[in-house]
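Working notes for the structure below.
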């Protein structure tokens, strides 16, 4: 289908850029090349300020996360004004500027500034991309296309890990790793410039009186034909009329007030989407992988002596399992994948807790639990969390609602990341994994009682029937 090819082609570039930054591989390269104890740092770093403190390394690591939080806040006000397509073009520009500043940074301060600017692009892109895909995709394959976003995110992670392993001993290798995203971000911007705006966003502008009704309607028909290609045939006009009718029936014609986000249908959507993306993080996702190298080393895997080789292995597993989710999400539905995957997460976390508490002589248990966790996460929270938040918010409040959900996601990520080391020191790894396991049980209960099934429903039907 022409539509699927167009969307996939454009977002393949976007998601690869986003996730290569979200992973820690770039910081790993930087630290490796600047490590004053390896005897080569002055040569391989290519700079005079290589001897960074742990606080400075932490700022580099978290700089993009702070930027993503800023981007999520900015998206709250600009999303509906700019539209999904222009927001993605803006994010590509921010990626480009941030990547160039970081790659050519003459000192530490400029490096952190570049990371923050790049992170703003992450926040904007992670907000606009699922909205754009959801609003332009046919309901029959909406889950597949939005899940492909996660697939290419994981592909970006894998490519980042591989690049890291190749460049870690190169002189100024960290500059190349950061800078490689600049031409890709340019390609992303060109790709989004070529794609049309979201027809649903155009129709929302029409019924809210932000332009000539007939002119905007004709523009929506043209955009829909470009997105769906020959598959839409002569039914584009009829489809646009259906969307207009459904939007009018659910009273989308009024400008949303800020208080409405926490009322009625949007509040229920916020509970569903916000709950999923928060549980996505507080079930230990940023922390479990912290132990990957140690777990593999304890099991006797020689490749685990190199953290980048472990990352490549886990990245490949994540890619395969995400591919499985992409293939089955529109056939099995969202709830079965969430319930099955999170059940596996619960089991794996309690196994890891037991390993670090009283089963330390069975390293195979820890390896199996780690692999199960990674696989089950990519079947459930990984792709389905982002899919659900793109589906459940009412159109009139979708931009603002999604910005809050993205902000919650990055905020929860920051909380878990920063609280992990103090909690580990306070209660120990075993108890910490048991805590994550308990939270995962709560998330399973939340999914069973709160999260609806959206498979096969149009976005307007989801709003009318499920909220």
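Note that the numbers count up from 1, one per residue, in the order the chain is shown.
Cβ from N, Cα, C; glycine included.
Annotation source TrEMBL lists domain 'Major facilitator superfamily (MFS) profile' at 1-455.
According to TrEMBL, the feature transmembrane segment maps to 55-76 (among others).
Annotation comment: TrEMBL describes 88-110 (among others) as transmembrane segment.
Sequence-distant contacts of the transmembrane segment (116-134) (same chain, six or more residues past either end, CB-CB distance under 8 Å): 7, 11, 14-15, 17-18, 21-22, 63-75, 79, 84-85, 87-88, 90-95, 97-99, 101-102, 142, 145-146, 149, 181, 185, 198, 386-387, 389-391, 398-399, 402-403, 406, 409-410, 459. Among the features that TrEMBL reports, transmembrane segment is placed at 116-134 (among others).
The annotation transmembrane segment is assigned in TrEMBL to 146-164 (among others).
If you look up TrEMBL, you'll see 176-195 (among others) marked as transmembrane segment.
Look at TrEMBL and you will find 310-329 (among others) tagged as transmembrane segment.
The feature transmembrane segment is assigned by TrEMBL to 336-358 (among others).
For 364-389 (among others), the entry in TrEMBL reads transmembrane segment. With a cut-off of 8 Å between Cβ atoms, the residues of this chain six or more beyond the transmembrane segment (364-389) that come close are 126, 130, 142-143, 146-147, 149-151, 154, 272-274, 276-277, 279-280, 283, 285, 288-289, 291-292, 295-296, 298-299, 314, 317-318, 321-322, 324-326, 329, 334, 337-338, 340-345, 347-349, 351-352, 354-356, 402, 405-406, 409, 451, 454.
Positions annotated as transmembrane segment by TrEMBL: 401-420 (among others). If one looks beyond the transmembrane segment (401-420) by at least 6 residues along the same chain, the residues whose Cβ comes under 8 Å of a Cβ in the stretch are 62, 65, 68-69, 72-73, 75-76, 79, 123, 126-127, 130-131, 261, 266, 269-270, 273-274, 277-278, 280-282, 284-287, 290, 385, 389-390, 393-394, 432.
For the transmembrane segment (426-451), the residues of the chain that approach it from at least six positions outside its boundaries are 271-272, 275-276, 279, 282-284, 287-288, 291, 334-335, 338-339, 342-343, 345-346, 349-350, 352-358, 388, 420, judged by C-beta separation under 8 angstroms. Annotation comment: TrEMBL describes 426-451 (among others) as transmembrane segment.
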Query raised in the report: Over the domain 'Major facilitator superfamily (MFS) profile' (1-455), what is the model's average pLDDT?
Result: 82
Query - Chain residues in Cβ proximity to the transmembrane segment (336-358) (below 8 Å; excluding those fewer than six residues from its ends, i.e. six or more beyond) - result: 276, 283-284, 288, 291, 325, 328-329, 365-366, 368-370, 372-373, 375-381, 384, 428-434, 436-437, 440-441, 443-444, 447-448, 451
